[in-house]
Amino acid sequence: MAEEERALLGPDGGDGGSAAPPRALPAVCDPSRLPHRLLVLALMCFLGFGSCFCYDNPAALQTQVQGDMKVNTARFMALYAWLGTVIFSIFVCVGQVIFALGALVNAFWLMEVGRFIFGIGGESLAVAQNTYAVSWFKGKELNLVFGLQLSMARIGSTVNMNIMGWIYSRVQDLLGHTGHATLGLTLLIGGITCLFSLACALILAYLDKRAEKLLCKEQGKTGEVIKLTDVKNFSLSLWLIFVICVCYYAAVFPFIGLGKVFFIEKFQFSSQEASAINSVVYIISAPMSPVFGILVDKVGKNIIWVLCAVITTLASHIMLAFTFWNPWIAMCLLGVAYSLLACALWPMVAFVVPEHQLGTAYGFMQSIQNLGLAVIAIAAGMILDTRGYLFLEVFFSACVSLSLVAVVMLYFVNHLTGGDLNWSAKKREKLQKVAANDLLYC
């Protein structure tokens with residue numbers, strides 16, 4: 001490490017009088033250069049792969065879980081109610097193993113405990129992932145980075161949706177019967193992806209510490225520390241972003257969790273067809289998220305993009321609720337809208353809070369989102385058991401409508417307060433250059 005530090009410091013940075021010039025680090029090993037940052041970005045993306053793969057295990061195996069464990073829809077959706085970087089990745093692995101063991105020993109309560117532990121790690125892992133992103137990438141790069149992270153996460157979800165049913169069938173053929181043992185072994189096989197993400201977390205933690213030392217980055221050098229009392233200083237714009245996040249995702253994740261049976265019952269799809277259309281949101285978001293990230297980077301106007309995404313999502317839910325049109329249309333629209341919203345919404349947090357509060361802000365946003373999802377997931381299961389899918393779709397449409405109201409309010413609040421959330425990319429870049437020059441000559 002000492003040699004690496006001398007390589008970055010240059011001829012004047014070492015002990016005076018060294019005759020031989022220091023050897024420069026290769027680009028891929030130099031944290032100040034693009035190839036190394038791209039390596040870090042790849043690790044960030046894979047950090048959430050295993051978590052997202054295992055997060056949607058219940059959705060991919062809904063009929064098998066309900067049949068093998070003999071639970072109704074409301075009880076099944078409790079698996080989605082406790083959604084909560086090395087420690088967080090370990091939580092994910094332990095939670096997935098306990099979840100699988102619960103099925104092996106035919107104890108649904110143990111499966112719920114496993115999902116609770118998985119949530120502690122999985123959602124804290126998402127906060128760590130977001131904090132890493134804003135630490136390594138700034139300004140116009142941020143939308144693309146969030147898009148790439150979402151893309152890899154959705155690839156994990158898509159692979160899960162399309163392969164877990166097949167794995168269950170192969171395990172069933174191997175054991176010669178269905179039941180809780182078949183389900184448990186299938187879930188253990190799926191948990192292998194968590195070990196892969198844990199390895200990425202370990203490497204990323206090392207690279208981040210190494211970069212801190214090589215680039216002389218000091219934590220908290222301004223004297224400001226991350227603390228929960230930061231919450232009271234959050235602006236109205238940030239709170240509206242929280243509301244948009246909660247209400248929007250409440251109409252996406254619980255819907256996908258219940259979507260397979262919805263398409264079987266309303267549109268008479270086969271189990272395989274239902275799994276395919278239920279995963280199309282994630283299939284679309286995988287390639288489209290980086291594209292939208294670049295688009296938002298180039299254009300700016302984040303609020304307008306969020307508004308378009310919310311309106312499109314509302315239209316797709318209304319189509320699914322009140323028409324018998326080909327559901328592929330609505331689901332493709334939902335996939336496009338979901339990709340666009342994530343690329344435009346999450347980076348806005350970095351525009352409205354100081355850098356030292358980013359960890360607190362993203363953590364609070366994730367916590368509120370998961371509290372909302374916990375309540376909505378249980379409510380959705382109860383509505384489905386008692387009222388059916390039409391009422392459930394109306395409920396999801398109402399959630400998106402609340403998100404739409406919050407977006408409109410955010411637009412006017414941002415306009416009246418002179419905020420920068422809806423600036424064009426050119427204007428933001430110009431003002432950032434002016435601010436940088438002012439700091440240079442201070």
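Each residue, glycine too, has its Cβ placed from N, Cα and C.
Quick caveat, the model's predicted, so the values are computed rather than measured.
Swiss-Prot lists 38-58 (among others) with the feature transmembrane segment, giving sequence analysis as the kind of evidence.
Residues annotated as transmembrane segment in Swiss-Prot: 85-105 (among others).
What Swiss-Prot lists as transmembrane segment is 107-127 (among others), and the listing cites sequence analysis.
Marked as transmembrane segment by Swiss-Prot on the basis of sequence analysis: 187-207 (among others).
Under the heading transmembrane segment, Swiss-Prot lists 238-258 (among others). A Cβ distance under 8 Å defines the sequence-distant neighbours of the transmembrane segment (238-258), meaning residues of its chain 6+ beyond its ends; these are 56, 58-59, 62, 73, 77, 80, 278, 281-282, 306, 309-310, 313, 317, 334, 338, 341, 345, 348-349, 352-353, 361, 364-365, 368-369, 371-373, 376-377, 380-381, 384, 392, 396-397, 399-400, 402-403, 406-407, 409-410, 413.
Per Swiss-Prot, transmembrane segment is recorded for 276-296 (among others), and the stated evidence type is sequence analysis.
What Swiss-Prot records for 303-323 (among others) is transmembrane segment.
Look at Swiss-Prot and you will find 333-353 (among others) tagged as transmembrane segment. For the transmembrane segment (333-353), the residues of the chain that approach it from at least six positions outside its boundaries are 130, 134, 142-144, 146-147, 150, 234-235, 237-238, 241, 244-245, 248, 252, 280-285, 288-289, 292-293, 295-296, 302-303, 305-306, 308-310, 312-313, 315-317, 319, 360-362, 365, 419-421, judged by C-beta separation under 8 angstroms.
Annotation comment: Swiss-Prot describes 364-384 (among others) as transmembrane segment.
The annotation transmembrane segment is assigned in Swiss-Prot to 390-410 (among others) on the grounds of sequence analysis.
Within the chain, the transmembrane segment (390-410) has long-range Cβ neighbours (under 8 A, six or more residues past its boundaries) at 237, 240-241, 243-244, 247-248, 250-251, 254-255, 258, 262, 303, 306-307, 310-311, 313-314, 317-318, 320-321, 376, 379-380, 383-384, 421. When Cβ-Cβ distances below 8 Å are used as the criterion, the transmembrane segment (303-323) is approached by residues 244, 248, 251-252, 255, 262, 292, 296, 329-331, 333-334, 336-338, 340-341, 343-345, 348, 390, 393-394, 396-397, 400-401, 403-404, 407-408, 410-411, 414, 421-422 of the same chain, each at least six residues removed from its ends.
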